[in-house]
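What follows is one structure encoded as structure tokens, with my remarks underneath.
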Amino acid sequence: MGCDRNCGLIAGAVIGAVLAVFGGILMPVGDMLIEKTIKKEVVLEEGTIAFKNWVKTGTTVYRQFWIFDVQNPDEVAMNSSKIRVKQRGPYTYRVRYLAKENITQDPEDSTVSFVQPNGAIFDPSLSVGTENDTFTVLNLAVAAAPHIYTNSFVQVVLNSLIKKSKSSMFQKRTLRELLWGYKDPFLSLVPYPISTTVGVFYPYNDTVDGVYKVFNGKDNISKVAIIDSYKGKRNLSYWPSYCDMINGTDAASFPPFVEKSRVLRFFSSDICRSIYAVFGSDIDLKGIPVYRFVLPAKAFASPLQNPDNHCFCTEQVISNNCTSYGVLDISKCKEGKPVYISLPHFLHASPDISEPIEGLKPNEEEHRTYLDVEPITGFTLQFAKRLQVNILVKPARKIEALKNLKRNYIVPILWLNETGTIGDEKAEMFRNQVTGKIKLLGLVEMVLLGLGVVMFVAFMISYCACRTKNRK
């Protein structure tokens, strides 16, 4: 009887040890299975989860606009006063609802090329007004004229056309005109062929962004979605070779197995450059653990603080010998138009940039850009891209509308907030297909390991106790 009992205890201990060993073996095997599955599903080719969501996003993306309505246009034009602005918005459009087109796989270099059609649909239910709301804003054509045409004689001719068209430094425009374009009365009088339509985002609807070419990740998963080249309607050939380097993805996804120490690089055609984000915090997004990566202040720092930005310091006077920070001059890829990009309300900008403007209230929480990335797959499940469009205005003696200015202004026109969040249905599917299975596998591993250890220890204790009792 004692022998039978001892044998039972030994068998139990053996079973416990086997379970513990099996649990220990299952852990690396499970990890390998997870890694293999993820590597398969994030490749950008027909039939994968990544490809399906990459071709047409399952997330509703909105672009909200806030317009800076100028309150004292006459004071500024006559006395070079500080510009007093009042923010009005949001005005909301649905964007990125069109699927990618001209998708072409190249098996030789494991890349896929495509174009992204542009379209914007106004959503009145998410807006404070209509597309016919009117604002007092900078006259885009008048402000740009002396930058594009620097010759004094040409400026005299342009001045006569500005006066004839009754144009001035500021103008009243509807939301639709300001964003998507209007026939400018001054430019319509220019006696040689030029584009007479002006708008902050003109042209946009019925255009495409691209051609983009990205690695599909088939030969090297660490390069999936990394942009290989860029050709398109925005001409980047103006930049020196270093400045037109395009690094990173389109921010919709990143190579899988993202670590907190990784710097996520992505290209934004809105600002004609690659930029980056760094880890900020852990976030729970609809039951899915994600890493929040944020755009750091250093991304908009002066070239003295961030040498990568030397390409965007093109004027020594405006930039105070490249010591000013918080704005990027992108005029080289805007056909010479004096366009400057910043964070909303000049967040993280040097005091000299915002000093001539009254009414700005920069706020880190409201105005920062962030990406919420699921670390195992590298998919971006939520994002907020926030940028401000500004125009540089300088005194111009030959143009009466600008001759009374005594200082340079970087005038804020509007700021935008482009956001997208994974929907409830997609989030549930993601939890079931990705995070749920991983959690279940991890739970099984730990249960087997824990149960095995407990059984082994318990049976060994019982066995020792029984041996001691039998000896007595």
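Even glycines carry a Cβ here, placed using N, Cα and C.
What you are looking at is a predicted structure, and each value in this text was computed from that prediction instead of being measured.
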**Study point:** Record TrEMBL, residue Cys333, disulfide partner from Cys243, Cys272, Cys311, Cys313
**Key:** Cys272
Study note, to complete from the structure: Among Cys311, Cys322, TrEMBL lists the disulphide partner of Cys313 as Cys322
Review point. Taking the Cβ of Cys272 (disulfide bond) as the centre, how many other Cβ atoms fall within a 10 Å radius?
Key: 26
Point to revise | Nearest-integer angstrom distance between the alpha carbons (Cα) of Cys313 (disulfide bond) and Cys272 (disulfide bond) | key: 14
Practice item. Report, in whole Å, the straight Cα-to-Cα distance of Cys322 (disulfide bond) from Cys311 (disulfide bond). Key: 11
Practice item. Could you round the CA separation between Cys322 (disulfide bond) and Cys272 (disulfide bond) to a whole angstrom and send it over? Key: 20
